[in-house]
Amino acid sequence: MGFTAIWISPVVQNINETTEYGQGYHGFWSQDITKINEHFGTPDDLKLLSSKLHDRGMYLMIDAVVNDMASAGKGSTTDFSKLVPFNKKEYFHPFCFITDYSNATNFQNCWLGDDIVALPDLDTESDFVKQTWETWVTEMVANYSLDGLRIDAAKHVDKPFWPGFQKAANTFTIGEVFDELPNNACEWAVDALSSVLNYPAWFYITSILSNSTNGMGSLSYQFNQIQQDCFDTTLLGTFSENHDVARFGSYTSDVAQRKNALTFSFYTDGIPVVYYGAEQGFDGGGDPQNRGALWLNPTGYDNTSVLYQHVKTLNTARNAINKHMIATNYSNWSPYWGYKSSVIYQADDALVFRKGNVHSVVTALTNVGSEGKDVGPYYIGDTMFTEGNLLIEILSCNSTVAGIDGTFTITLKKGEPQVWVPGSLLVNTTLCPTPMKNVNKTLSAATYSLSSHTSPSSLLALLTACLLSSLFFL
């Protein structure tokens with residue numbers, strides 16, 4: 001499908017008991033952080049996975065649960081001796097379950113979980129806990145050649161803990177901060193972690209793009225709020241579903257609406273994140289329905305499905321754009337990734353935004369669904385396209401020519417999204433061969449290369465700006 005990185009579940013040893021919720025197959029019930037989860041494989045297996053991904057030019061990110069450990073049964077009777085290496089009660093905050101998610105003291109010092117599986121909350125202000133985690137992350141990154149970490153429940157840890165952890169990790173970190181408000185979520189990407197998952201966008205992706213009765217203006221408003229309140233939107237992890245929330249397909253069965261949600265994730269700012277099964281049309285609701293096994297899909301794994309092919313096209317084009325930008329600017333910093341998106345047209349049934357400067361990409365979305373009316377025609381300006389350039393829509397392979405000042409007209413049919421690019425960005429790809437014949441007549445073949453000289457100190461910039469162009473979560 002063209003992904004350049006994968007994100008996998010936490011890999012440390014979990015509790016082995018079968019609880020009323022079942023077993024800890026997901027990896028989030030940590031019991032011993034000094035050992036690798038034997039149900040996932042051996043330490044050598046993890047090293048081999050990392051090595052094979054790197055051989056393919058891909059990157060590996062693991063999930064990490066830093067806020068808490070896990071204990072089957074009532075929180076008030078937790079046996080702390082089983083929690084390695086935090087095997088004393090003094091390493092945890094006093095027992096109390098969270099009751100107020102608007103109160104930082106409460107949600108940072110009290111415990112997640114319940115009396116079926118309690119999640120004892122580590123005292124991350126403790127010197128022992130801080131030093132243990134910093135040693136752990138340094139060794140994990142070194143031993144398994146990790147390229148990034150997703151941090152579970154990041155806002156449940158006191159913020160002063162994170163700079164030391166980030167320094168010890170010395171790689172990309174992205175935190176889970178479940179908050180609709182951009183200024184609240186993005187606070188954890190300043191003097192804390194490298195970035196955060198784009199929950200502020202997710203709330204609106206699900207509510208607007210899955211429901212044709214909701215105006216697209218709300219998505220445009222939140223789009224602008226994220227731009228305003230987040231220090232660096234280009235590092236956000238943007239997604240339409242994950243293991244903590246209901247799948248997008250549980251909100252709508254309309255394939256066109258699902259395509260719009262995926263397209264938004266790929267072509268707005270940040271790192272697109274796709275949760276396994278989205279490309280197969282999984283539609284499970286909340287936990288555990290959203291965590292169905294990929295290999296138990298009753299129809300098997302279909303790499304010809306509409307959504308699989310949609311994701312593959314989005315990835316192929318995005319990677320080609322990045323290569324073109326690098327080649328033409330003689331730099332590992334692509335102006336496409338680094339250039340923040342801007343809304344250039346908004347209607348109640350459509351949102352159009354531009355990303356990039358000299359070679360921009362224009363994305364048009366709608367939520368009317370596959371049975372909806374045609375949307376448009378809309379006259380689109382402020383595209384940064386060059387007058388006379390052949391423009392290609394990568395999903396349908398329709399084409400048009402940019403008019404005066406790069407303007408052009410779009411009509412969205414059957415609720416399908418559109419992504420318009422100058423044809424020159426698709427040279428040396430297999431996309432849209434018929435319209436590309438006209439481009440290839442006027443352009444010589446391009447040869448692209450990436451610098452192989454990447455020191456550890458430059459890994460973060462290269463990883464986030466260029467190579468971690470899309471992330472597949474398993």
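Glycine is no exception: its Cβ is also placed from the backbone N, Cα and C atoms.
Keep in mind that TrEMBL annotations are predicted by a computer and have not been checked by a curator.
Annotated features, as they stand in TrEMBL:
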type: ACT_SITE; residues: Asp152; note: active site, nucleophile
type: ACT_SITE; residues: Glu176; note: active site, proton donor
type: BINDING; residues: Trp29, Arg150, Asp244, Arg291; note: substrate binding site
type: DISULFID; residues: Cys96-Cys110; note: disulfide bond
type: DISULFID; residues: Cys186-Cys230; note: disulfide bond
type: DISULFID; residues: Cys397-Cys432; note: disulfide bond
type: DOMAIN; residues: 1-318; note: domain 'Glycosyl hydrolase family 13 catalytic'
type: SITE; residues: Asp244; note: site 'Transition state stabilizer'
Exercise for review: Using all protein chains in view, find how many other C-beta atoms are within 10 Å of the C-beta of the residue listed as 'active site, proton donor'.
Suggested key: 22
Revision key, fill the gap. Whole-number Å distance separating the Cα atoms of Trp29 (substrate binding site) and Cys397 (disulfide bond) is 47
Study note, to complete from the structure: Least crowded of the disulfide-bonded residues Cys96, Cys110, Cys230, Cys432, counting other Cβ atoms within 10 Å of each Cβ, is Cys96
Exercise for review: Rank the disulfide-bonded residues Cys186, Cys397 by the number of other Cβ atoms within 10 Å of each Cβ and report the first-ranked residue.
Suggested key: Cys186
Revision key, fill the gap. Expressed in Å to no decimal places, the gap between the Cα atoms of Cys230 (disulfide bond) and Glu176 (active site, proton donor) is 15
Practice item. From the recorded positions Cys110, Asp152, Cys186, Cys397, Cys432, pick the residue whose C-alpha lies nearest to the C-alpha of Arg291 (substrate binding site). Key: Asp152
Check your understanding: Taking DSSP three-state, what's Arg291 (substrate binding site) in: helix, strand or coil?
Key -> helix
Exercise for review: Taking Cα atoms as reference points, rank the recorded positions Arg150, Asp152, Glu176, Asp244 by distance from Cys96 (disulfide bond) and give the first.
Suggested key: Asp152
**Study point:** Between Asp244 (substrate binding site) and Cys432 (disulfide bond): CA-CA distance (Å)
**Key:** 36
Point to revise | Inter-residue C-alpha distance, the residue listed as 'active site, nucleophile' and Asp244 (substrate binding site) (nearest angstrom) | key: 10
Review point. Should Asp152 (active site, nucleophile) be counted as helix, strand, or coil on the basis of DSSP?
Key: strand
Check your understanding: Max Cα-Cα distance in Å among Trp29, Arg150, Asp244, Arg291, the residues listed as binding substrate?
Key -> 18
